[in-house]
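Colleague: The structure's right below; bear with me while I get my questions together.
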């Protein structure tokens with residue numbers, strides 16, 4: 001059964017909308033764990049639009065599961081992550097004007113830089129993942145660089161319907177098997193919700209799904225603990 005990583009960025013979004021102290025994502029991480037989250041995911045963006053530096057250190061000290069830090073491959077983030085020492089880092093592309101991450105990291109065309117970057121993280125015993133599109137050339141480069149994991153971008157799958165969605169699902173399935181064959185652990189995320197998650201969760205070699213927006217949206221009606229528990233139930237039913 002795939003594990004569930006709960007992204008709590010949207011809790012911080014509500015707080016930052018008023019530049020105040022609540023809701024506190026650290027408190028909500030505790031509720032996510034009570035609901036069965038296997039890890040807590042946070043994205044420390046360069047512009048600090050939601051998660052703040054104080055959040056990451058408090059989360060590292062207080063959560064009982066694992067901490068997945070999403071970040072851009074910048075020198076600032078390298079320094080922060082080597083000080084924080086999260087359980088693992090997921091490298092993502094980042095654009096200032098985007099609402100959310102729009103696509104996968106271009107590992108293939110940045111191999112030299114990313115290899116040095118990944119080696120630096122791993123020298124601090126941090127496992128490293130690449131958030132990439134389901135494409136074999138990106139998977140190959142991820143393996144050659146030395147990433148421990150990949151996270152397959154499911155945003156396109158989530159935005160399609162019918163036969164088009166089926167075709168994209170097959171691409172994700174094929175990519176996941178290919179990645180496992182070359183020694184990578186496979187995660188997936190982006191756009192997954194209570195309606196579309198089961199087909200991704202049922203992929204045999206899927207390690208973990210990272211889900212945020214849909215869980216936080218559901219939590220407005222039923223509370224975060226229950227929202228996480230409901231998602232865990234869906235993931236476990238194949």
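In case you wondered, yes, glycine gets a Cβ from its N, Cα and C as well.
This is the feature table in Swiss-Prot:
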type: ACT_SITE; residues: 43; note: active site, proton acceptor
type: ACT_SITE; residues: 70; note: active site, proton acceptor
type: ACT_SITE; residues: 190; note: active site, proton donor
type: BINDING; residues: 7, 18, 191, 212, 213; note: 3-amino-2-oxopropyl phosphate binding site
type: BINDING; residues: 9, 10, 45, 50, 100; note: 1-deoxy-D-xylulose 5-phosphate binding site
type: SITE; residues: 151; note: site 'Transition state stabilizer'
Colleague: Please give the maximum pairwise Cα distance, in Å and rounded to a whole number, for the 3-amino-2-oxopropyl phosphate-binding set 7, 18, 191, 212, 213.
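Modeller: Among the residues the record ties to 3-amino-2-oxopropyl phosphate, max Cα distance equals 26 Å.
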Colleague: Identify which of the recorded positions 10, 50, 190 has its Cβ surrounded by the largest number of other Cβ atoms within 10 Å, counting every protein chain shown.
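Modeller: That would be 190, with the highest Cβ count within 10 Å.
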Colleague: Tell me which residues of the chain lie with their Cβ under 8 angstroms from that of residue 7 (3-amino-2-oxopropyl phosphate binding site), as long as they are six or more apart in sequence?
Modeller: 41, 42, 43, 189, 210, 211, 212, 213, 215
Colleague: Cβ neighbours within 10 Å, counted over all protein chains: which one of the recorded positions 9, 70, 151 has the most?
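Modeller: Per the Cβ count within 10 Å, the most buried is 151.
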Colleague: Give me the count of other Cβ atoms within 10 A of the Cβ belonging to residue 18 (3-amino-2-oxopropyl phosphate binding site).
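Modeller: Counting Cβ neighbours of residue 18 (3-amino-2-oxopropyl phosphate binding site) within 10 Å gives 8.
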Colleague: Roughly how many Å lie between the Cα atoms of residue 151 (site 'Transition state stabilizer') and residue 190 (active site, proton donor), rounded to a whole value?
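Modeller: For residue 151 (site 'Transition state stabilizer') versus residue 190 (active site, proton donor), the Cα atoms are 9 Å apart.
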Colleague: If you count CB neighbours within 10 Å, which one among the recorded positions 43, 45, 213 has the smallest count?
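Modeller: Checked 43, 45, 213; of these recorded positions, fewest Cβ neighbours within 10 Å: 213.
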Colleague: Taking Cα atoms as reference points, rank the recorded positions 18, 70, 190, 191 by distance from residue 9 (1-deoxy-D-xylulose 5-phosphate binding site) and give the first.
Modeller: 70
